[in-house]
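Record features (Swiss-Prot):
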TOPO_DOM  1-7  topological domain 'Mitochondrial intermembrane'
MOD_RES   Thr2  N-acetylthreonine
MOD_RES   Ser7  phosphoserine
MOD_RES   Lys23  N6-malonyllysine
TOPO_DOM  38-74  topological domain 'Mitochondrial matrix'
MOD_RES   Lys43  N6-succinyllysine
MOD_RES   Lys52  N6,N6-dimethyllysine
BINDING   Arg80, Lys92, Arg235  ADP binding site
TOPO_DOM  100-109  topological domain 'Mitochondrial intermembrane'
MOD_RES   Lys105  N6-succinyllysine
MOD_RES   Lys105  N6-acetyllysine
REPEAT    111-201  repeat 'Solcar 2'
TOPO_DOM  131-178  topological domain 'Mitochondrial matrix'
MOD_RES   Lys147  N6-methyllysine
MOD_RES   Lys147  N6-succinyllysine
MOD_RES   Lys147  N6-malonyllysine
MOD_RES   Lys163  N6-acetyllysine
TOPO_DOM  200-210  topological domain 'Mitochondrial intermembrane'
TOPO_DOM  232-273  topological domain 'Mitochondrial matrix'
MOTIF     235-240  motif 'Nucleotide carrier signature motif'
MOD_RES   Lys268  N6-succinyllysine
TOPO_DOM  292-298  topological domain 'Mitochondrial intermembrane'
Amino acid sequence: MTDAAVSFAKDFLAGGVAAAISKTAVAPIERVKLLLQVQHASKQITADKQYKGIIDCVVRIPKEQGVLSFWRGNLANVIRHFPTQALNFAFKDKYKQIFLGGVDKRTQFWRYFAGNLASGGAAGATSLCFVYPLDFARTRLAADVGKAGAEREFRGLGDCLVKIYKSDGIKGLYQGFNVSVQGIIIYRAAYFGIYDTAKGMLPDPKNTHIVISWMIAQTVTAVAGLTSYPFDTVRRRMMMQSGRKGTDIMYTGTLDCWRKIARDEGGKAFFKGAWSNVLRGMGGAFALVLYDEIKKYT
């Protein structure tokens, strides 16, 4: 193997392992966030059974579905995030070579910043093309509030993918893809762009204390997450449409979804579950720092 191939493989492995660990740790928070986001578009959750907020959701899930249901859909999330994060981190460096070749970060700050934004956004959008059906399945499995057996909409990852494919074809597995690309570019641009720019401005980036790295990463993930959150809410709502027919279809398209959420639920609805998303972001920040630490020893 060439040095470039070895470097790419190390990036792939380090990013994937870091993501798998952090996502499993924050899976319960992720499920609460998803339920709050999509409950208005769920056929299983009637108006009188909707969750009132994070605490209500955390208390009711183990009572109604069992403690292990906090990790419902987590396998799909880990499978999805191994290639997603690994491809993001790996492609990020490849895109950086394209957008930042020959740029001096000290004398060309704004050119350096723009290059980081572009490389982060392009990396996120590229990886999303490959793993979107897994992202879709993860959302639908987490939104499934049936206790067991016949009450469940899907038996697992494979069952979810097969049922939606039979019902709606490949289009059903990519429902909400366009708004996802918009959101992922905004999120990744901030996630990688600001993080790398901030680290690049430190006196000695290679030997930055892990606490400083974590603080930078935590701020970046919180800001990036809130900025792109409305896009995430719309895409999750669109994902809930797949498999529906006739009058069960709530939104005719992405623009209709934006309009109806704003009209029927108000602007705050776009940010339902956002606080749990900030908490979940601690896992994302941890993954970013863990990736840097793993690379020091590889």
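Cβ from N, Cα, C; glycine included.
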Distant-in-sequence Cβ neighbours of Arg235 (ADP binding site), under 8 Å, six or more positions away: Gly176, Val179, Ser180, Gly183
Spatial neighbours of the topological domain 'Mitochondrial matrix' (38-74) far in sequence, C-beta under 8 Å, 6+ residues away: 23-24, 27-28, 31-32, 137-147, 153, 236-237, 239-241, 244, 248, 250-251, 265, 269, 273, 275-276
Minimum Cα separation from Arg80 (ADP binding site), reported as the residue among modified residues Thr2, Lys43, Lys52 that achieves it: Lys43
Structural state census, the topological domain 'Mitochondrial matrix' (131-178) (DSSP three-state): 33 helix, 0 strand, 15 coil
Residue among modified residues Lys43, Lys147, Lys163 with Cα closest to the Cα of Lys23 (N6-malonyllysine): Lys147
Structural state census, the topological domain 'Mitochondrial intermembrane' (200-210) (DSSP three-state): 5 helix, 0 strand, 6 coil
Number of other Cβ atoms within 10 Å of the Cβ of Lys105 (N6-succinyllysine) across all protein chains: 16
Outside the topological domain 'Mitochondrial intermembrane' (292-298), six or more residues from its ends: residues with CB under 8 Å to it: 10-11, 13-14, 17-18, 206, 210, 213
Maximum Cα-Cα separation in Å among residues Arg80, Lys92, Arg235, which the record lists as binding ADP: 24
Minimum Cα separation from Lys105 (N6-succinyllysine), reported as the residue among modified residues Lys43, Lys52, Lys268 that achieves it: Lys268
For Thr2 (N-acetylthreonine), the number of other Cβ atoms found within 10 Å of its own Cβ: 7
In the chain carrying Lys163 (N6-acetyllysine), residues 6 or more apart in sequence that have Cβ under 8 angstroms from it: Phe154, Gly243
Whole-number mean of pLDDT values that fall within the topological domain 'Mitochondrial matrix' (232-273): 92
